[in-house]
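The transmembrane segment feature in TrEMBL is assigned to B:12-30, B:42-63, B:70-90, B:140-163, B:170-188, B:217-239, B:267-287, B:293-312, B:319-336, B:356-373.
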Amino acid sequence: MSTLLEMSGVSVSFDGFKAINNLSFRIGEPELRAIIGPNGAGKTTFMDIITGKTKPDEGRVLYGEKSLSLLKMSESQIARVGVGRKFQKPTVFEAQTVRENLAMALKNPRGPFDVLLYKKTAEGAARIEALAEEIGLTAELTRPAGELSHGQKQWLEIGMLLAQEPRLLLVDEPAAGMTPTEREHTTDLLRRAAEKHAVVVVEHDMEFVRRLDCKVTVLHEGSVLAEGSLDHVTQNQQVIDVYLGR
Amino acid sequence: MKQGLLSRNPSILWFLAALGLFTLGITVLSEATGTGLISTSFVKTLGKTLCLCLIAIAMDVVWGYCGILSLGHFAFFGIGGYAIGMWLMYARTEAIVAESLAASPIPPTAQEIIDATGTQIFGVVGSSDFPLIWAFSHSLTLQLLMVLLFPGLLALVFGWLAFRSRVTGVYLSILTQAMTLALSLYLFQNDSGLRGNNGLSGLQNIPGFEAVPQSQISIAFFWASALALGLGYVLFAYVTSGKMGSVVRGIRDNEGRVRFLGYHVESYKLFVFTITAIVSGIAGALYYPQAGIINPAEIAPIASIYLAVWVAIGGRGRLYGAVIGAAFVSLLSSWFTGGGAPDIPLGFYTIQWVDWWLILLGLSFVAVTLFFPKGIGGLFDYLTHVKTPFRVGDYGPDKGALRQEEGHEQ
Ligand SMILES: Nc1ncnc2c1ncn2[C@@H]1O[C@H](COP(=O)(O)OP(=O)(O)OP(=O)(O)O)[C@@H](O)[C@H]1O
Ligand SMILES: [Mg+2]
C-alpha cells in the first residue's frame with residue numbers, strides 16, 4: 001500500500017478561530033478510512049483543504065507518486081488529477097436530468113473544445129446505465145435532479161463521484177437521509193471502491209462506521225485525537241469524553 | 001451529429017421555418033423584389049431588427065445559459081459596426097475623390113488620392129492623416145476579418161482578466177458597463193481616430209454598387225441578416241445543447257460544483273463570452289450599413305442594458321425567447337418613439353409616447369421579472385404542454401445532523 005495523500009502540519013483559521021490545527025494525515029492506495037468527530041471538529045474543512053476550496057495558512061498537502069502539492073493547484077486541476085468529492089449537503093444540478101448530471105461527471109477530457117466536440121459513445125451510455133443501476137436511479141434517469149428526494153440526491157452525488165473514477169474519494173456523510181437497507185448498500189459500495197482506491201468517509205453513525213470495518217481517525221478541534229481500529233478508538237478516554245460520552 | 005442536434009432541439013426547425021417564411025413574405029412584399037407594399041425604409045427596419053435578434057441570442061447564451069449578466073455586449077456590436085464602417089467610408093470616399101481629381105489637368109498620384117481621402121474623412125475633426133487603426137481600411141477582406149478580430153480580442157482580454165480573478169455577479173455586470181462606457185467615451189474624443197462624435201456615416205452607400213438602388217440593397221442586407229440570424233441560431237443551439245450546454249448551465253447554477261467535477265470554469269466562461277462577442281460583432285457589421293450611420297452614442301451603457309431587458313422580456317434560457325423579445329420590444333420601441341402611437345390627451349395632461357415609452361418599457365420589465373420570469377417565450381410551454389416541474393432547494397433533512405444510531409425505516 002503506497003501513500004497517495006500526505007498532509008502535514010496544516011492549519012486554517014477563520015477570523016482567528018482555528019478550524020484546523022496542525023493536522024497531519026496520510027492515506028494509502030488502496031485504503032478505506034473513516035473519519036469521525038463531533039460537529040465542528042473540522043471534518044468538512046479537512047476535505048475543503050484537499051479539494052482546494054480552502055487554502056490553509058500553513059502546512060503541506062502532497063498527492064500521488066510525483067508528490068504534487070495540491071495547495072498550488074486550482075479546484076478543477078485537483079479534481080482532474082483524481083480527487084473526487086461527495087459533499088455533505090447534496091449539491092447536484094437540479095435543473096438538469098439525472099442522466100445529464102451523471103454524464104457531466106463521467107471521466108472524459110475536460111477542456112471546452114473537448115466538451116464542445118464531444119460525441120456520445122455507446123460505452124459512455126453503458127457506463128451511465130450501470131451507474132444508475134448501482135445507485136438505484138435507473139427509473140429516474142430522465143427526471144430533473146431537482147425533483148429527487150434528499151436520499152436520492154445523496155445517491156446521485158455518490159453516482160457522480162463514482163463516474164469521475166477518482167483515485168481518492170472524499171465522501172462526506174453519505175448515509176444522511178438513507179434507510180437502513182440503503183446504508184448497507186452504501187457501505188458495500190464504498191468498501192468495493194476501496195479495493196482499488198483510497199476512500200475517506202466522514203460519518204457520525206457508529207453502526208455505519210463499524211460496518212466499514214476500517215481504520216478510524218478521530219478529529220477534534222481541528223487535529224487528530226486518536227487513530228486506529230474502531231474498538232481501539234472507542235475505548236480511548238479522551239474520545240469518550242469529547243464525542244461518544246455526550 | 002446533425003441528427004442529434006435537431007432531435008434535441010426541435011425548436012431549431014421551427015425557428016428556421018418561421019424565419020424562412022418571414023423572409024419570403026418580406027421579399028414578396030418589398031419594392032425591389034415584390035409588390036412594393038412594404039417601403040424600403042421598413043425593409044431596412046426589419047433587417048436591422050434581425051441583427052438585433054442575433055445579438056439578443058448571443059446575450060441569451062452568455063446570460064440566460066451561462067449566467068454571466070454582461071452589460072457590455074453592445075460594445076462588441078458597435079465595434080463590428082465601426083470595423084465594417086471604416087471600409088465602407090474609406091472605399092466610397094476614395095472613389096469620389098479619385099473621380100473628382102481625375103478631372104484635374106495633372107493625373108493624381110496614388111498618394112495624393114489617399115491624402116485627399118484622409119482630408120475628406122477627417123476634416124470634421126480637424127485632421128487629415130489616417131490613424132494607425134485605419135491601416136487595413138482599404139481592404140474589404142481585412143476589414144471583415146477585423147469584424148471578427150476586434151470584438152473577439154477585446155472579449156478575450158477583458159474576459160480573461162475578469163474571470164481569472166473570479167469576478168462574478170453584479171461586480172462583473174458593473175465591470176462590463178465600465179468597459180462599454182470607457183469605449184464610448186474614448187470614441188467620443190476627436191483624436192480617437194474614428195471621427196469622434198460624428199462617427200462614421202454614409203454607410204448605406206455600398207462601394208461598387210453605387211448604381212444599385214437602395215431598395216435592392218436593402219433587401220440584400222435583409223437576406224444577409226436573416227441568413228446570419230439562422231446560422232447564429234444553429235450555432236448557439238449547438239453550443240447550448242449536449243454536453244457543452246450541460247456544463248454551461250451547470251456553471252450558471254453552481255459554478256463551484258462544476259469546478260469540483262474537474263472543469264476549468266474560467267475557460268468555459270471565456271469561450272462563451274468570446275464567441276458571443278464575435279457574433280455580436282457580426283450582428284453590428286450587418287446592422288450599421290442598414291442604419292447608415294454609427295457614432296459613439298450607440299455604444300452607450302444604456303444600449304447593453306436594453307439588450308438585457310429584451311432578453312428578459314422574451315424569456316432567457318431559450319434562444320427563440322431572446323429573438324421574440326428583441327423583435328417585439330425593438331419594433332414596439334420604434335413604433336412608440338417614431339410617433340406611430342397616437343398621443344393620449346387626458347385633459348390636464350397629454351401622454352406623449354416619445355417620453356412615456358421608456359416608462360412603459362421599464363414597468364413591463366419589472367412586471368415580467370416579478371410575474372412572468374419565463375418571459376414571452378414561456379407561453380410556448382403552455383402550447384406544448386411542457387410542464388417544467390421544478391424543485392429547487394433542500395427538501396430533505398437539513399445537513400447531516402448528528403446521529404449515533406441507525407435511522408429507522410418509516
Ligand atoms: N468558511 C468558513 N468560515 C468561517 N468558519 C468556518 C468556515 N468553514 C468552517 N468553519 C468553521 O470551522 C469549524 C469546522 O467546521 P466543519 O464544517 O469542518 O465541521 P465538521 O466537522 O464538518 O462538522 P459537522 O459534523 O457539523 O459537519 C466550525 O466551527 C465551522 O463553523
Ligand atoms: Mg461537516
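The first residue you see is number 1, and the count goes up from there.
Here the Cβ of each residue, glycine as well, is placed from N, Cα and C on the backbone.
Because TrEMBL annotations are produced automatically, they should be read as predictions rather than curated entries.
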Would the transmembrane segment (B:170-188) count as touching the transmembrane segment (B:293-312), if touching means at least three Cβ pairs under 8 Å and pairs must be 6 or more apart in sequence?
yes
Given the cut-off of 8 Å on Cβ pairs that are 6 or more apart in sequence, determine whether the transmembrane segment (B:12-30) and the transmembrane segment (B:217-239) share at least 3 such pairs. yes
Quiz item: Is the transmembrane segment (B:217-239) close to the transmembrane segment (B:70-90), in the sense of at least 3 CB pairs under 8 angstroms with a sequence gap of 6 or more?
Solution: no
Other same-chain positions with a Cβ less than 8 Å from the transmembrane segment (B:217-239) and lying at least 6 residues past its termini are 5, 9, 11-12, 15-16, 19-20, 22-23, 26-27, 30, 32-33, 40-41, 43-44, 46-48, 50-51, 53-54, 57-58, 60-61, 204, 206, 209, 245, 248, 272, 275, 279, 282-283, 286-287, 289-290, 319, 323
Contact count check, CB pairs under 8 angstroms to the transmembrane segment (B:140-163), set B:42-63, B:267-287, B:356-373; argmax is B:267-287
Top stretch by Cβ pairs under 8 Å to the transmembrane segment (B:319-336) (candidates B:42-63, B:267-287, B:293-312) is B:42-63
